[in-house]
Amino acid sequence: ATITPMSPDGQINLPVIGQYVDYLVSEQNVKNVFVNGTTGEGLSLNTQERKQLAEEWVCQGKNKLDHVIVHVGALSLAESQELARHAAAIGASAIAVIAPFFFRPINKDELIAFLQKVASEAPTVPFYYYHIPHLTGVKIRVEELLDGIKERIPTFQGVKFSGTDLLDLAQCINKTEREQYAFLYGVDEQLLSALAIGADGAVGSTYNYLGQKTNLMLQAFAKPDLLLARKYQFLTGEFLNFVIKLGFGVAETKAVMTFVSGIPMGPPRLPLVDASEEFIVKAKAKLDSIVWPDGD
């Protein structure tokens, strides 16, 4: 889940995206990105900024990244459709859409109607529903949403599942195994649990700076060496548990990525405010203190 780099005055900082791509590939072994999502402050950006970022990620990622998924969800249907058309035109690998969260859909049919109107504007591009109920307030279970969705949205490919309801996720996977949908899990501290019930991958903010460690966890799980996989998950959780108690959000993620990668991610956009110096000092000390199973 890509961060949107910003200059000190709050403008998007496009020139560092190339360096950012190279860092993800060479240092974190991450070759797939999800642009303009929650971590990327997508809903705090205007349409032109979102287009510029999508273009830059597709351009800089050419021959380096395997997939560039562009989040095109918005409160305005017309805006979301415009972003979907743009993503298709620039060659995005897939698009994703969050549920509208001011005037909210109250049932499955209302939500699918909105998603279908967006997906139809990019009829050759794989489509993902981005489920993040704790931020949208849209609690419609994904298991329910999936019934008949392919008939309404032929390009439907899967779900970015950023909820903690693993029963819902398990039922989705159990019911749709023959459909070959992709379920990408979005709660980083619970990834191993999601993998155990069949999640196909992950989209999250920590993979910006812990991607290499998470890849080692994925390798351990695939062997399977569950003891080693648990060690990686527990250590990721130890860091997150520590920073969550200090107050951890997008601003703090930008700060952590800045001190780990050396790439300036800049401040967040209001109403979010900069991470405190105290947070940065404590988070850095905590991350430096962790001894990973590979000895690093």
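Residue numbering: from 1, along the chain as shown.
Placed from the backbone N, Cα and C atoms, the Cβ positions cover glycine too.
Where the annotation comes from TrEMBL, it is an automatic prediction and has not been curated.
The following features are taken from TrEMBL:
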- TYR130: active site, proton donor/acceptor (ACT_SITE)
- LYS160: active site, schiff-base intermediate with substrate (ACT_SITE)
- THR39, VAL203: pyruvate binding site (BINDING)
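Everything TrEMBL records as a feature, shown here on the structure.
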{"residue": "THR39", "record": "pyruvate binding site", "Cβ within 10 Å": "24"}
{"residue": "TYR130", "record": "active site, proton donor/acceptor", "Cβ within 10 Å": "26"}
{"residue": "LYS160", "record": "active site, schiff-base intermediate with substrate", "Cβ within 10 Å": "27"}
{"residue": "VAL203", "record": "pyruvate binding site", "Cβ within 10 Å": "25"}
Cα-Cα distance linking LYS160 (active site, schiff-base intermediate with substrate) and THR39 (pyruvate binding site), given in Å to the nearest integer: 13
Nearest-integer angstrom distance between the alpha carbons (Cα) of LYS160 (active site, schiff-base intermediate with substrate) and the residue listed as 'active site, proton donor/acceptor': 5
Alpha-carbon spacing, VAL203 (pyruvate binding site) to TYR130 (active site, proton donor/acceptor), which is rounded to whole Å: 11
